[in-house]
Each structure stands twice: as structure tokens, then as C-alpha cells.
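S.K.: For reference, the structure I am asking about is given below.
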Amino acid sequence: MQSITIRQPDDWHLHFRDNEMLAETVPATARCFARAIVMPNLVPPVTNASLAMAYKERILAARPAGSQFEPLMTLYLTNETTPADITAAKAAGVTACKLYPAGATTNSDAAVKGISALYPVFEQMQKDGMLLLVHGEVTESHVDIFDREKVFIDQYMVKIVQDFPALKVVFEHITTGDAADFVLAHGANVGATITPQHLLLNRNDLLVGGVRPHNYCLPVLKRNTHQARLREVVAEGSKKFFLGTDSAPHAKHRKENACGCAGCYSAWSAIELYAEVFEQLNAMDKFEDFASNNGPDFYGLPRNEGTITLVKESWQVPELVTLADGTEMVPFFAGQTLNWKLA
Ligand code: NCD
Ligand code: ZN
Ligand code: ZN
């Protein structure tokens with residue numbers, strides 16, 4: 001196969017950050033995606049409709065000239081979120097709410113401590129047709145970091161989907177066979193995003209031959225058997241799994257650090273890397289559904305009208321991206337050669 005044309009895809013999970021950074025991140029995503037679910041973990045977080053709409057305006061202002069790219073906004077759930085916040089957000093056009101257990105990941109200190117306290121909020125979300133997006137990891141210090149997703153499923157996910165059977169729940173950036181099997185075992189209202197890094201890499205790529213800070217993201221890369229299960233479920237083509245890059249830029253010096261932060265900035269290479277995965281899996285016939293159809297179908301949004309074309313052509317991911325203020329970032333797969341290129 002020398003080229004492939006698919007319906008224009010969307011990115012159902014990413015981090016644009018804010019202000020000056022938007023001039024970098026928005027064009028990088030708008031180069032191929034029509035829409036993106038924009039994560040709300042700013043500092044301070046996006047916790048209500050007016051913050052979300054103001055953030056949306058800043059994103060729209062950073063679009064390249066002529067771009068029709070549409071950001072889909074999310075609210076960050078905290079212990080202060082009320083059912084009235086949900087209704088107001090829905091009315092303002094917010095698409096979904098994000099649940100971060102406190103301390104689970106970058107900028108999640110403000111997040112939720114006791115999930116059951118949020119039940120009135122989930123109730124309202126179910127009623128209003130607001131999706132629940134979940135960073136599914138427990139944060140208790142005694143739980144091994146490689147087990148945190150599995151423990152979250154057992155302690156919380158099982159209960160949430162059981163207690164809110166009509167709530168659409170997206171298990172974000174799944175990393176384990178346990179999560180994939182949990183999603184497959186539940187109804188059409190439970191789906192999941194999968195990142196390029198969790199399909200392409202496992203924890204050896206983080207730790208063998210030296211620590212690779214640019215492969216460090218949360219949930220952390222797992223053992224190869226989990227990677228294999230994720231690859232298997234996307235190759236099988238279940239409608240429940242869709243593209244979410246979790247592109248999450250951080251300055252180079254904050255990742256190459258004695259206490260390096262989590263996140264892979266994949267916007268410049270993500271669609272190409274996914275194409276590579278599906279080709280490796282001999283599942284190119286499932287690529288378009290994963291990238292362009294399953295997401296809007298799950299969200300209840302129209303599929304995009306346009307198309308993109310990827311061609312078989314080698315190119316090298318840049319070693320560095322430099323922002324206008326001189327901040328340097330290392331993109332995911334920096335310096336590596338990819339086989340598919342966006343035409
Ligand atoms: C994300 C970030 O940097 O905001 N980091 C990451 O490792 N994925 C947060 C997140 O998605 O959990
Ligand atoms: Zn997350
Ligand atoms: Zn994320």
C-alpha cells in the first residue's frame with residue numbers, strides 16, 4: 001500500500017496548554033484533525049462554563065488562517081463541582097467532563113478526592129447527556145504505579161458504570177489488557193481512547209539502556225503483554241476504541257530533569273504513527289474506523305466530511321520544536337524516521 005485516504009480524523013484527547021503555547025499546539029493538531037477534545041488541566045483548571053468558553057476563544061484565535069478546526073471543550077471535575085455547573089456547561093456547549101483522581105497526573109492536585117461525593121454530579125451528567133472522561137488510576141502511595149489502572153477499575157470503574165448505566169464513559173488513554181477487557185465487557189456507553197505511545201511502546205522503551213524521559217507519560221507504559229493486548233483489540237476493530245493522542249507538551253528542561261514530568265508531545269507525528277501501527281498489524285482496513293468513525297459515533301456527533309491522505313514516504317521527526325519565546329520542546333519520536341507522511 002503506497003497511500004491511504006481516510007475520512008478526516010479527530011483527536012479525542014489532547015492537551016493544548018494555554019496562552020503563547022497555543023500558537024504551537026493548535027496548528028500542530030489542526031494540520032490533520034478536524035476536532036479535538038481539549039483537556040482542562042490548566043493552572044488553575046477549567047472548572048466551569050465561562051472558563052471553558054474563554055479558553056475556547058483563545059484556542060480559536062490560535063487557529064491557522066482559514067482553518068475550520070473545532071475545539072471540543074471539557075470541564076475539570078473537583079469536589080466543588082455542582083449539578084448546576086453541569087447544566088450550565090451543557091447549555092454553553094461544553095462536550096464532556098474530566099475526572100482526575102487527585103494527584104494522578106500533571107496538574108491534577110485540585111482534582112477529586114472522594115469519587116462517591118460526585119454522584120449527584122454524575123447523575124446530572126447522565127441526565128444532560130454530558131460525557132464522563134476518566135483518567136483511570138488510583139493515587140494511593142502504597143499501590144504500585146504499574147497496578148494503578150487495574151486497581152482503579154476494580155475500586156471505581158466497575159461501580160461507576162454499574163450505577164450510571166446511561167452515562168457515556170470514556171476510559172482515557174488505556175494502558176492495560178485489563179482496561180481493554182473491561183471496556184469490551186460493558187455496554188455501548190463505555191469506550192476508550194488509546195494513544196500512539198501505548199500501542200508502539202512498552203516499559204522497556206522507558207527503562208532499558210537508560211531512562212528515556214520523552215517516553216514517560218501517565219499512565220506509565222506497561223509490560224509488553226499489555227501492549228500486545230491493546231494492539232490486538234485495535235486490530236480486531238471494535239467500535240469501542242478510538243483515537244486519542246494524549247499529546248501533552250512540556251518544555252525540554254522539565255522532562256530532561258531529575259524529576260521529569262509526564263507527557264509525550266505527539267501532535268506532529270501522531271496520525272503517522274497510528275498508520276504505522278495499523279500497518280504493522282496488517283489491519284489498515286480498521287484504521288479509518290479507529291481514527292475517524294468510532295469517536296464521533298460514540299460521542300453522538302456527526303462524522304467529518306473531508307478526507308486526509310497519507311503517503312508511504314520516509315521523513316524524520318524534528319529533534320526540537322522551539323517556541324517564539326525560545327522554549328524548546330522535544331517531540332515524541334524525535335529524530336526517528338517514520339514511513340507514513342501526511343500529504
Ligand atoms: C498529561 C499532561 O501532561 O497534562 N500527561 C500525561 O502524561 N499524559 C496529563 C494526563 O493525560 O494524564
Ligand atoms: Zn490523563
Ligand atoms: Zn491527557
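Any Cβ shown, glycine's included, is placed from N, Cα and C.
Those TrEMBL annotations? Automatic predictions, nothing curated.
The Zn(2+) 1 binding site feature in TrEMBL is assigned to His13, His15, Lys98, Asp246. Here TrEMBL flags His15, Phe16, Arg17, Asn41, His135, Leu218, His250, Ala262 as substrate binding site. Marked as Zn(2+) 2 binding site by TrEMBL: Lys98, His135, His173. Per TrEMBL, the feature N6-carboxylysine maps to Lys98. Annotated active site per TrEMBL: Asp246, in sequence order.
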S.K.: Express the distance between the Cα positions of His15 (Zn(2+) 1 binding site) and His250 (substrate binding site) as a whole number of Å.
M.R.: 10
S.K.: Cα of His250 (substrate binding site) to Cα of His13 (Zn(2+) 1 binding site): how many Å, rounded?
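M.R.: It is 16 Å, counting Cα to Cα.
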S.K.: Taking only same-chain residues 6+ apart in sequence, whose CB is under 8 Å from that of Asn41 (substrate binding site), what do you get?
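M.R.: Residues satisfying the criterion: His15, Tyr76, Lys98, Tyr100, Thr105, Thr106, Asn107, Ser108.
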S.K.: Between Phe16 (substrate binding site) and Asp246 (Zn(2+) 1 binding site), find the distance joining the two CA atoms and give it rounded to the nearest Å.
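M.R.: Spelling it out, the Cα of Phe16 (substrate binding site) and the Cα of Asp246 (Zn(2+) 1 binding site) are 10 Å apart.
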S.K.: Looking only at DSSP and grouping its letters into three states, which state does His250 (substrate binding site) belong to?
M.R.: coil
S.K.: I'd like to verify something. Among the binding-site residues Asn41, Asp246, His250, which ones have a C-beta closer than 6 angstroms to some atom of ligand 3?
M.R.: Asp246
S.K.: Which residue among the binding-site residues His13, Arg17, Lys98, His250 has the fewest other Cβ atoms within 10 Å of its Cβ, if you could check?
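M.R.: Counting other Cβ atoms within 10 Å of each of the binding-site residues His13, Arg17, Lys98, His250, the minimum falls on Arg17.
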S.K.: Should we count any of the binding-site residues His13, Phe16, Asn41, His250, Ala262 as near ligand 2, judged by a CB under 6 A from one of its atoms, and which?
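M.R.: Passing the 6 Å Cβ check against ligand 2: none.
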S.K.: Hey, of His135, His173, Ala262, which of those binding-site residues are within 10 Å of Asp246 (Zn(2+) 1 binding site), Cα to Cα?
M.R.: His173
S.K.: Going by C-alpha positions, which of the binding-site residues (His135, His173, Leu218, Ala262) is nearest His13 (Zn(2+) 1 binding site)?
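M.R.: Checked the binding-site residues His135, His173, Leu218, Ala262; minimum Cα distance to His13 (Zn(2+) 1 binding site) goes to His173.
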